[in-house]
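> Taken from Swiss-Prot, the feature 5-methyltetrahydropteroyltri-L-glutamate binding site applies to ARG16, GLU17, LEU18, LYS19, LYS121, ARG524, CYS525, TRP570, GLU614. According to Swiss-Prot, the L-homocysteine binding site annotation covers ILE440, GLY441, SER442, GLU493, ASP608, on the basis of sequence analysis. According to Swiss-Prot, the L-methionine binding site annotation covers ILE440, GLY441, SER442, GLU493, ASP608, on the basis of sequence analysis. Feature annotation from Swiss-Prot assigns Zn(2+) binding site to HIS650, CYS652, GLU674, CYS735. Under the heading active site, proton donor, Swiss-Prot lists HIS703, citing sequence analysis as support.
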Amino acid sequence: MVTTHNLGFPRIGAQRELKFGLERYWKGESSRDELKALGAELRERHWNDQRDLDLAPIGDFSFYDQVLDMSFTLGNLPKRVQGFHGDVLDNYFRVARGRSAQAADEHATCCGGVSAGEMTKWFDTNYHYIVPEFHADTNFSLDPSCLLQQLAEARALGVAGKPVILGPVTYLWLGKAKDDSDRLALLPKLLPVYGALLDTLTAQGVEWVQIDEPILVTELDAEWRQALRTAYAALETRRIKVLLATYFGALGDNLTLAASLPVDGLHVDAINARDEVDALVRELPADRVLSVGAINGRNIWKTDLNATLDWLEPLAKQLGERLWIAPSCSLLHVPVDLASEQKLDPEIRSWLAFALQKLDELNVLATALNEGRDKVADALAANAAAIDSRRRSPRVNNPAVKAALARIDAQLGNRASPYTQRAPKQSARLNLPAFPTTTIGSFPQTADIRQARRQFKSGALDEAGYRAAMQAEIERSVREQESLELDVLVHGEAERNDMVEYFGEQLDGYAFSQFGWVQSYGSRCVKPPILFGDISRPKAMTVEWITYAQSLTNKPMKGMLTGPVTILNWSFVRDDQPRSVSCYQLALAIRDEVLDLEKAGVRVIQIDEAALREGLPLRRAQWGEYLKWAVEAFRITANGVQDDTQIHTHMCYSEFNDIIASIADMDADVITIETSRSDMELLDAFDSFRYPNEIGPGVYDIHSPNIPTQDHIVGLMKKAAERIPAERLWVNPDCGLKTRQWAEVIPALTNMVAAAKTLRNQVQ
């Protein structure tokens, strides 16, 4: 019999219950007990949703981030959060976001609260984790209480499950040494704590534990490979069965290593690396389980179940009970339930599968393998019809778009003149001071904005009323910025629910859901649009709003667009053609918008590429091809404008030291980046690379409610000036201010502008 299991389930709830519960708690509108009760309610619901599985995940739920959970399980807390009042949950949120719900945190430091933990991308996904912090003297101590609580809850519900934990080597690999120490030097201190955790689970009668080591799909040097051997040799003596889980790609040159580790089972990503399975069957010892990720855990298209069975059936005959099947990775990266999508186009809806539907697909596969295809003939026939419908649909293919792609040539991505010739023309047109100030684009999405949007979508507010409401919010943003004396303004994006979905709603070839939310970090959720067909722009998307905002002020107003690579990487993308082709289609559509903004008199146009880096393949050997088409797509989008039009781009959550040459090749006049959480460490790239254009290193962390001081910002900018000539520096926040409140934004920007004025006085 084939065993079914799942690596992880979305934790936010089908209606984002966790998001709203967290935000109520942080605002002091609910108690700690109420938040914990909500967590228990969601876990119970999700385990019930997974009852048909042979083994459901336990411990995959988190109030913020699973890596942060592991840090607390291992007793690895930053010293700056120690000594505060409150319980473990308070300290947990202090690390995650700089403060808890405790009022005492308001005055803990000069900024209020403490410095939040650094946040970065989880491998090549749009999920973000809190980076573990290490020092040479870091010690670990086990606190399994959270995991044991979830285990007890699952057992009380009669759930057959397996605890899920992050592996010791991946945990170290994901972290950052805050001194010059070697993270791997901590492995001898870390392994006994992991051993104690496994012993604790054994004492609880746990048979299987899932240990995630996704670094096995990355390029590892000899030291990290040896660390994996050392770790699992040390843990082998425990009396618990270990399923070692890998995902997000092929094992590649780590295949033999993974197959040889002394564990009881190995899970592999059979979506991205199906061709490795035969080799694993040969190399795995005869007593080991092989779990294949046969359902795509990162995308929302239905699985071709008949084709998958054609592949799985010989494997099941060969392996028998040693074969397990599961999604390729945790379902954290897909929405919860397609059944909620009653307004989605029925044809497109028939092509999709969210988390619950993927579990249904898994059960169909298992039934077919264990009892024969006849037992699920109706389900297989319905699946085949949906797959064929999508393949044949004329809505997927647009000959005009394909013809436009064929006309792309090398010249399309080139500016008329190099930056050195453009910069004086832009300076003359814009007349900006030294250390010019700006923001990244969005301002707070207030309750009034959200209410107006809901009323407009429901029909309770007509188009004229909605336009008037949005114009009022835009005017408020402009007046606030003028009062703050910012130099280059933005319209605030009141009309946009999301920086990607907003454009997806207006492009042919896209569909959008009502409840297709996935977690980005903490309480932050995104609703990726669905890129199902060839992309084109029927009409202008932003010109009306930007020109209205510009009419309110004499200061430069930035046109705000999301770039093609970010739209691609933050969408659920069709899987029937190369991603590069879809990206070029997006580039042509956004290019038309750039040119329309310029024709309307917009002098500064920002094209956000926040997700450029996250699209990088996990293996460096594959980076070149991706960067070639990603950079080319940006250049096609941006480079049709005149020399005196200033092009900005923005990148957030990105470590870009290793791709700085490609970023320079994008040839944006100004790049703004996230740097504050890393204390300007991201600028280390400029020690060895002379970045030719202008740059705005983010000077305060918008993901934390803490207010930066003027002196703190001045200090950060002085660090930046050690690497970038002062005449090419801008002063700006890390990212957009959509998720903050005006009461936080105004004092933070006041201090930022004051810091810029101080810097100007110091360089005169």
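Backbone N, Cα and C define each Cβ position, glycine as well.
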> Nearest to GLU493 (L-homocysteine binding site) by Cα distance: which of the recorded positions CYS525, HIS650, GLU674, HIS703, CYS735 is it?
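Its closest listed neighbour, by Cα, is CYS735.
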> According to DSSP, which kind of secondary structure is GLU614 (5-methyltetrahydropteroyltri-L-glutamate binding site) found in, if we only use helix, strand and coil?
helix
> Taking 10 A as the limit, how many CB atoms besides its own sit near the CB of CYS735 (Zn(2+) binding site)?
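Other Cβ atoms within 10 Å of CYS735 (Zn(2+) binding site): 27.
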> Whole-number Å distance between the CA of CYS735 (Zn(2+) binding site) and the CA of ILE440 (L-homocysteine binding site)?
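With distance taken Cα to Cα, ILE440 (L-homocysteine binding site) is 5 Å from CYS735 (Zn(2+) binding site).
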> Among ARG16, LYS121, HIS650, HIS703, the recorded positions in question, whose Cβ has the most other Cβ atoms within 10 Å in this structure?
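Max Cβ neighbours within 10 Å, all protein chains included: HIS650.
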> If you measure from the Cα of GLU614 (5-methyltetrahydropteroyltri-L-glutamate binding site), which of the recorded positions ILE440, SER442, HIS650, CYS652, HIS703 is the nearest?
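Sorting the recorded positions by distance from GLU614 (5-methyltetrahydropteroyltri-L-glutamate binding site), the top entry is CYS652.
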> Can you tell me which of the binding-site residues ARG16, LEU18, CYS525 is spatially closest to GLY441 (L-homocysteine binding site)? Compare CA atoms only.
CYS525
> Other than ILE440, GLY441, SER442, GLU493, ASP608, which residues of the same chain sit close to L-methionine? List them in sequence order, counting a residue when its Cβ is within 8 Å of the Cβ centroid of the site.
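Sorted by sequence, the hits are THR439, VAL490, MET499, MET560, GLN606, HIS650, CYS735, GLY736, LYS738.
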> Counting all other Cβ atoms within 10 Å across every protein chain shown, which of the binding-site residues ILE440, CYS525, CYS652 scores highest?
ILE440
> Across all chains shown, how many C-beta atoms besides its own are within 10 angstroms of the C-beta of SER442 (L-homocysteine binding site)?
22
> Rounded to whole angstrom, what's the largest C-alpha distance between any two of ARG16, GLU17, LEU18, LYS19, LYS121, ARG524, CYS525, TRP570, GLU614, listed as binding 5-methyltetrahydropteroyltri-L-glutamate?
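About 27 Å separates the two most distant Cα atoms.
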> Return the maximum Cα to Cα distance in Å (whole number) over the record's L-methionine-binding residues: ILE440, GLY441, SER442, GLU493, ASP608.
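Farthest-apart Cα atoms in ILE440, GLY441, SER442, GLU493, ASP608 are separated by 13 Å.
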> What is the interatomic distance between the Cα atoms of ARG16 (5-methyltetrahydropteroyltri-L-glutamate binding site) and HIS703 (active site, proton donor), given in whole Å?
19
> Could you check which of the recorded positions (CYS525, HIS650, CYS652, HIS703) sits closest to ILE440 (L-homocysteine binding site), going Cα to Cα?
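Nearest candidate: HIS650.
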> Test of understanding: give the count of other CB atoms lying within 10 angstroms of the CB of GLU614 (5-methyltetrahydropteroyltri-L-glutamate binding site).
22
> Round to a whole number and give the Cα-to-Cα distance in Å for the pair HIS703 (active site, proton donor) and GLU674 (Zn(2+) binding site).
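It is 11 Å, counting Cα to Cα.
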